[in-house]
Amino acid sequence: MRPSLLRYAAQALRRRDYSSAAAAAERKVAILGAAGGIGQPLALLMKLNPLVSSLSLYDIAGTPGVAADVSHINSPALVKGFVGEEQLGEALEGSDVVIIPAGVPRKPGMTRDDLFNINAGIVKGLCTAISKYCPNALVNMISNPVNSTVPIAAEVFKKAGTYDEKKLFGVTTLDVVRAKTFYAGKANVPVTEVNVPVVGGHAGITILPLFSQATPASNALSHEDIKALTKRTQDGGTEVVEAKAGKGSATLSMAYAGAVFADACLKGLNGVPDVVECSFVQSTVTELPFFASKVRLGKNGVEEVLGLGQLSEFEKEGLENLKGELKSSIEKGIKFAHAN
Ligand SMILES: NC(=O)c1ccc[n+]([C@@H]2O[C@H](COP(=O)([O-])OP(=O)(O)OC[C@H]3O[C@@H](n4cnc5c(N)ncnc54)[C@H](O)[C@@H]3O)[C@@H](O)[C@H]2O)c1
Ligand SMILES: O=C(O)C[C@H](O)C(=O)O
């Protein structure tokens, strides 16, 4: 790939502050589930990220091929593939950021919670290894149901004595990516300039986009438009699952979103100021122990969990309506971690 193309791809990631100080640190990123539908394009995007010096690709199968392929790209990150549990420790050792897209995706007719039985065990096993081999890494949890897998990870880390609430993130960036795209289309504003916070969790009605805070502001949207945009954002994952008709869920847009979020984590670690993304984290923003909201990222992970700001009446109602489901998904994760 020509340097100009490489630059173009790296620039596709938001917030392009790759100042020399920020880019100087050596950073290792590990992807667990790297041979999967999300894992492969995410590996490609992280290989293109100039903040990554070492890229570790782990899966239970298929990573030697993915790693060989991605490693031929002439960008700085050194790529290594690891396959099977016996290589997991080496894959993780020294990681600054671990991204987890390991686990099964939905098929039409399923909810994210239907993935719990398989993915809970996968996440538990991987987090046990993280607590052993790279307890200080920032963990970016993509595996669904995020509303439960993040609490599972927290409990695993607590049990191992390595839990740091500043370092565990449920990746909800795809909800933000979708909200931005759908809003820009409806409000007829340039998509690259749009910002929309999305709070709550990552499933159905627990996904709450705050279009009243969207920028650039638009007064062209009716209440019915906002309701429709909210529903489309909440159902964005299902829209892709149905379109893929049994061949999985969002992979390419998720890889993009995962790369944006990991990039923000790396920038925070490297001391870039004012890096803010929405994420599902331990929180006191509501009475729920985990909640997605804007988070300022810094040298230790979460620097500050930001509040919700002013909500419209419609958003206040959405917030109250989501709490029951989010609470029970969180409790389900905690219960699983204690019982297994
Ligand atoms: N957070 C989000 O916004 C979001 C968006 C899209 C998908 N997802 C979730 O991401 C997960 C992965 O989706 P996908 O489309 O990439 O699925 P996929 O089936 O294409 O890939 C999953 C990969 O995980 C691997 N894997 C399974 N068990 C593993 C283990 N113990 N250790 C390491 N790797 C393991 C598989 O071998 C496979 O390569 C699903 O749970 C899906 O629901 C989340
Ligand atoms: O919808 C899914 O199952 C995958 C993911 O959570 C998404 O939002 O696309």
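Heads up, the Cβ atoms here are built off N, Cα and C, so glycines get one too.
Keep in mind that TrEMBL annotations are predicted by a computer and have not been checked by a curator.
Sequence annotations record features per position, and here TrEMBL assigns domain 'Lactate/malate dehydrogenase N-terminal' to 28-170. Mean predicted confidence for the domain 'Lactate/malate dehydrogenase N-terminal' (28-170): the pLDDT average there is 98.
As annotated by TrEMBL, NAD(+) binding site applies to Gly33, Ala34, Ala35, Gly36, Gly37, Ile38, Gly39, Asp59, Asn119, Ile142, Ser143, Asn144, Met254. For Asn119 (NAD(+) binding site), the same-chain residues lying six or more positions away in sequence with a CB closer than 8 A to its CB are Gly103, Val104, Ser143, Asn144, Pro145, Thr149.
Annotation comment: TrEMBL describes Arg106, Arg112, Asn144, Arg178 as substrate binding site. Neighbour density for Arg112 (substrate binding site): within 10 A of its CB lie 26 other CB atoms from the protein chains shown.
Under the heading domain 'Lactate/malate dehydrogenase C-terminal', TrEMBL lists 172-336.
All protein chains included, His202 (active site, proton acceptor) registers 28 other Cβ atoms within 10 Å of its own Cβ. According to TrEMBL, the active site, proton acceptor annotation covers His202.
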Rounded to a whole angstrom, what is the C-alpha distance between Met254 (NAD(+) binding site) and Arg112 (substrate binding site)?
15
List the Cα distance (Å, whole number) between Ala35 (NAD(+) binding site) and Arg178 (substrate binding site).
24
For Arg112 (substrate binding site), the one of Gly33, Gly37, Gly39, His202 that lies nearest, given that the recorded positions are compared by Cα:
His202
Of these binding-site residues, Ser143, Asn144, which scores lowest on Cβ atoms within 10 Å?
Asn144
Could you say which of the binding-site residues Arg106, Arg178 has its Cβ with the most other Cβ atoms inside 10 Å?
Arg178
